[in-house]
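Taken straight from TrEMBL:
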DISULFID  146-177  disulfide bond
TRANSMEM  12-35  transmembrane segment
TRANSMEM  55-76  transmembrane segment
TRANSMEM  83-107  transmembrane segment
TRANSMEM  205-230  transmembrane segment
């Protein structure tokens, strides 16, 4: 004997929430990948805590696909065991997502030091770095309209000409435009990249935190509906 009355509505709500969870899983994977690429490609950050939150979210997103299977099949077949499995696994996922949000928030407060140290390391390796590495630094400075870590003077000692900076520091980039123009504010950006990069990364991490919290709230509703459906299925068995 299947569920009836209000439980029928709950059954279809569980279906609906599983579709939402599937979309949430996809969203977590996309957001996690975007932040991970931003952290490891745009800026060569070596601190492992920087990647913790996005990696957790990518893993959670993949797992949600499998959990949604239990929810859909359990609701369709009105199988108490599968719905219970769905509720338990989803509860664990919520805990992991809350942990990811906490890690993201903690890392957000460490950004200033990590970005400063990472960019300082990138500048020190720039001249002897591979072409791909130099291109990353150049694109970073050009796109953020900045030069050096705190200011253009961080490039002191660069090149064979005194007071030179990479051409990517120039406001109008041309070959050799950075030679001897370190302190020329008309030709070279004087602001450092540390503050600009910190702001950009904080915005990315903020999206990770928002995604984790919003999806966790939706999943809590799913757990409530799953528990209601479990109760209806169990009562149906008792009637039989």
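Yeah, the Cβs are placed from backbone N, Cα and C, and that goes for glycine too.
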## Note on the structure
The most crowded of the disulfide-bonded residues 146, 177, judged by neighbouring Cβ atoms within 10 Å of its own Cβ, is 146
### Message
Using a Cβ cut-off under 8 Å, which residues of the same chain at least 6 positions beyond either end of the transmembrane segment (55-76) come close to it?
### Response
11-12, 14-15, 17-18, 21-22, 24-29, 31-33, 35-36, 82-86, 89-90, 93, 96-97, 99-100, 103, 208, 211-212, 222, 226, 229
